[in-house]
Amino acid sequence: MKSFFKPLILKKFLWTLLFVFIYVLGSKLTLPFVDVSSIAKLNGDSVTLNYAAALMGGNLRSMSFFSIGLAPWMSSILIWQMFTVSKRLGFNKLSMESQEKRRMLLTLAIALIQSLALVLNLPLKTVVGVGQGTIVFLNTLILIAGTYFLIWLTDLNSSMGLGGSIMIVMVSMISYIPQDIWLSIQELKISPLILALIGFFSLCFLYLAVLVERAKYRIPINKINIHNRFKKYSYLDIRVNAAGGLPIMYAMTLVSIPQYFLMLFLFFQPNNRLLKEGILSLAMGGIPWFILYLLTIFILAWAFAFINVNSDQIAERMQRSGEYIENLYPGEATRRYIHKIVGYFAFVGALYLVLVAGLPMLLIFLDIRYMRLGMIPGMFMIFIGMVFSIKDEVDTLTLNDRYRSLF
């Protein structure tokens, strides 16, 4: 806690407060020519989109400047990482500037689809002298501009503040999701005893989630020509859940993308029954949505584990620095061994996330009103990962302050 009161950390924290204030202010600016009184209907029909937007710094409840949030940007980063992991595609050989341009173009494409799908399904006001096409174009442009403004804001926060894009997402989650959970508790008329039990099990799960988040598997590492009688090994740490809570957050967003496409097609074919059924089946509470959600979490957890712990890079780095694992040749043998260990923990972590995020969501098949309560474990996983990420950043920034000068 002392680290937080260091001048550098306080300065960064104040900058972050300013950026958060700008974000909150922008989220209150409603889109022009939108019938705000009729937005509630869209929110009721698009619960999946509401939660997906909230997990990416967006807000579909008020249809504001930042309604689609960072979803296009974060989705493009994920897709790009999937491509760059494979050396065969050659994307990792591109210059950083070329990679950034391609990511931004991908962000623009995703933002255009999401913005257009939302605007075309918004209840728009009739304004004399202003055509519907002009209103659609203007609001689509505003939403895309809002996304790029948020990207710029998170870049500023990364360089001047704390947490980068994490802070925007955390503020979005804190602003809306606890309120939704409390409304569900009131709507379901849950008794104080059941509420106390939910609170107790939530605390138990929070403790378990923190343990799993920080749990690591250590591989002893030797270094050529270094002999230390006090410490025989250094270690390569591999987290048990290497993906963290990111797969749950990204899964909600990726599962919502098909809905945006269907909403876009529905505007051009409003009487198409298949499109309407597709939107309903992909909404929260449907079996197709549930299966797709869990499958996406499993795949993302597996993928993130190999992205976060790249066996190729680790093996190459160890070979260059003269490090080796006992009874293994440097190079290919080391790479295969690390890849095997990462694969094992990737499966364990993916299974853990599916159980944590999936089992509580079974409540929605009893009553859709349990949906918000069923999402509590998943929200805990996401939030814990964000908190520890900020803590690690603060620890890194104050690392030099832990050593005292000799003179």
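Including glycine, each Cβ sits where the backbone N, Cα and C put it.
Counting only same-chain residues 6+ beyond the ends of the transmembrane segment (13-33), those with a CB under 8 A from a CB of the stretch are 4, 57, 59, 62-67, 119, 122, 124-125, 127, 130, 135, 138-139, 142-143, 146, 149-150, 153, 156-157, 160-163, 167-168, 171, 175. Summarising the annotation, Swiss-Prot assigns transmembrane segment to 13-33 (among others) and lists sequence analysis as the type of evidence.
Sequence-distant contacts of the transmembrane segment (65-85), counting only residues of its own chain at least 6 positions beyond either end whose CB sits under 8 Å from a CB of the stretch, comprise 23, 26-27, 29, 31, 52-53, 56-59, 91-92, 99, 102-104, 106-108, 110-111, 114-115, 118, 142-143, 145-147, 149-151, 154, 165, 168-169, 172, 250, 253-254, 257, 300, 303, 306-307, 310. What Swiss-Prot records for 65-85 (among others) is transmembrane segment.
What Swiss-Prot lists as transmembrane segment is 104-124 (among others), and the listing cites sequence analysis.
Look at Swiss-Prot and you will find 133-153 (among others) tagged as transmembrane segment, backed by sequence analysis. Sequence-distant contacts of the transmembrane segment (133-153) (same chain, six or more residues past either end, CB-CB distance under 8 Å): 19, 22-23, 26, 31-34, 57, 64-73, 107-108, 111-112, 114-116, 118-120, 122, 124, 127, 168.
Feature annotation from Swiss-Prot assigns transmembrane segment to 158-178 (among others).
According to Swiss-Prot, the feature transmembrane segment maps to 192-212 (among others), an assignment based on sequence analysis.
Sequence annotations record features per position, and here Swiss-Prot assigns transmembrane segment to 248-268 (among others) based on sequence analysis. Long-range contacts of the transmembrane segment (248-268) within the same chain, counting only residues at least 6 positions beyond its ends with a Cβ under 8 Å from a Cβ of the stretch, are 46, 48-49, 51-52, 55-56, 71, 74-75, 78, 110, 113-114, 116-118, 120-121, 169, 275-276, 278-279, 282-283, 289, 292-293, 296-297, 300, 353, 357, 378, 381-382.
Packing against the transmembrane segment (287-307) from elsewhere in the chain are residues 48, 78, 81-82, 85, 241-244, 246-248, 250-252, 254-255, 281, 342-343, 345-347, 349-351, 353-354, 357-358, 361, 364: each is 6 or more residues past its ends and has a CB under 8 Å from a CB in it. Sequence annotations record features per position, and here Swiss-Prot assigns transmembrane segment to 287-307 (among others) based on sequence analysis.
As annotated by Swiss-Prot, transmembrane segment applies to 345-365 (among others), with the evidence given as sequence analysis.
Residues 47, 51, 55, 162-163, 166-167, 169-170, 173, 177, 180-181, 183-185, 188, 198, 202, 205-206, 209-210, 213-214, 244-246, 248-249, 284-285, 353, 356-357, 360-364 of the same chain lie 6 or more positions beyond the ends of the transmembrane segment (370-390) yet place their CB under 8 Å from a CB of it. The feature transmembrane segment is assigned by Swiss-Prot to 370-390 (among others).
Proximity of distant same-chain residues to the transmembrane segment (192-212), defined by a Cβ-Cβ separation under 8 Å and at least 6 residues beyond the stretch ends, is recorded for 185, 240-241, 352, 356, 373, 376-377, 380-381, 384.
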